[in-house]
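Copied over from TrEMBL:
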REPEAT    88-111  repeat 'WD'
REPEAT    109-141  repeat 'WD'
REPEAT    150-191  repeat 'WD'
REPEAT    192-233  repeat 'WD'
REPEAT    279-320  repeat 'WD'
REPEAT    320-361  repeat 'WD'
REPEAT    362-390  repeat 'WD'
Amino acid sequence: HEDEEQGEVFFDESDIIDEIDVDEEDLPDAEDDIVEDSDDSIHIFTGHTGELYAVACSPTDPVLVATGGGDDKGFLWKISHADWASELQGHTDSVSSLAFSHDGQLLASGGHTDSVSSLAFSHDGQLLASGGFDGLVKVWDTSGNLKSTLEGPGGGIEWIKWHPKGHLILAGSEDCTVWMWNADNGSCLNVFSGHGASVTCGDFTPDGKTICTGSEDATLRIWNPRSGESIHVVRGLTCLSISSDSTFAVTGSKDGSVHVVNITTGKVASSWASQTSSTEGNPESIECVSFAPKFPWAVSGGMDRNLTIWDLQNSSPRFICNHEEGVTCLAWLGASKFLATGCCDGRICIWNCLSGECVETFKGHEHAIQSLSVSSNLEFLVSVSMDGTA
């Protein structure tokens with residue numbers, strides 16, 4: 001260590017500090033060191049050739065699944081039908097989100113001359129919308145036939161949502177705008193401008209009367225769908241979810257805080273600071289939030305490795321559920337007390353939110369989980385990962 005220029009250094013007997021006798025029978029065999037990772041999946045779809053970003057289960061066909069990823073491809077495939085798959089051809093950029101309609105006949109996908117970034121089925125089950133990082137939205141049937149292309153945004157499509165009561169498509173773009181089209185005739189109905197950065201999340205309220213969007217400019221904007229007017233602006237968020245009664249939005253922030261916003265007034269009704277101790281360094285960002293479908297709770301997951309179940313009535317955490325790695329996404333198992341979380345280590349955990357206990361862990365993925373979706377009959381949970389598999 002004193003002379004780094006002395007070249008190679010060799011040990012001799014004078015360097016030995018201690019010598020320990022070991023019985024050879026106590027040494028492990030080479031085979032004993034090989035531990036194969038378990039795989040709990042019942043079906044693996046390997047049609048993609050790159051990272052996967054999006055998954056959606058059909059709301060009517062329990063085995064029909066749509067996936068999209070960074071290979072600029074979207075696919076329709078069926079659980080336990082390894083010989084059936086239909087490629088959504090034409091995408092030239094990443095597919096980042098997907099959602100089926102409730103009656104699935106038609107389907108729309110993003111992907112085009114740029115990566116497909118998002119997909120969504122209409123709520124009557126007739127359409128699936130998909131958005132690509134090429135700024136286009138395409139519409140397909142469930143056989144993978146292209147029906148129409150919606151144009152307008154000057155940047156990649158970040159997400160797509162359907163109006164709860166009609167064939168209207170809402171999409172957020174990297175160019176700071178949100179677009180709304182009539183999916184039946186392809187006409188643009190409105191463009192919502194005001195965000196100062198990429199619009200990364202958004203949705204119609206369940207009653208269809210209001211739009212909420214979130215952006216990398218750290219604001220939540222509440223819009224009138226007809227006039228395009230921005231009604232309220234709330235600062236600080238990374239993700240959002242809207243309550244079933246269209247009254248509140250829950251948002252997560254990069255600073256690890258969670259806020260509940262009254263959509264009508266634009267006022268923050270409740271705020272919860274990061275659950276990460278100050279001794280652990282800077283708080284980690286919240287990556288996913290949701291209202292419980294059946295209970296007076298909100299849940300949040302983030303890079304602090306926690307799923308927090310919040311009691312909305314008392315504005316306090318019911319449980320803090322620890323993970324080994326960061327939480328990237330979540331999905332309720334129907335209207336039950338059970339919630340699935342996807343993690344950076346490729347694991348999926350199932351939580352009983354009444355008790356705060358982890359009741360099941362699914363292994364199989366080699367890299368981070370990007371998205372989760374539950375089949376219509378609640379029998380299947382489908383995950384997509386950075387490892388290129390579903």
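A Cβ is built for glycine as well, from the same backbone N, Cα and C atoms used for every other residue.
Averaged over the repeat 'WD' (109-141), the predicted model has a pLDDT of 70. Broken down with DSSP, the repeat 'WD' (320-361) shows 0 helix, 25 strand, 17 coil. For the repeat 'WD' (192-233), the residues of the chain that approach it from at least six positions outside its boundaries are 155, 158-159, 161-166, 170, 172-180, 239-240, 242-246, 249, 251, 253-254, 261, 263, 265-266, judged by C-beta separation under 8 angstroms. Assigned with DSSP, the residues of the repeat 'WD' (362-390) fall into helix, strand and coil as follows: 0 helix, 12 strand, 17 coil.
Counting residues 6+ beyond its ends, the repeat 'WD' (362-390) has Cβ neighbours under 8 Å at 37-42, 44-46, 48-63, 65, 67, 69, 71, 77, 79, 97-98, 328-334, 336, 340, 342-350 in the same chain. Residue counts for the repeat 'WD' (192-233) under DSSP (helix as H, G, I; strand as E, B; rest coil) come to 0 helix, 22 strand, 20 coil. According to DSSP, the secondary structure content of the repeat 'WD' (150-191) in residues is 0 helix, 23 strand, 19 coil.
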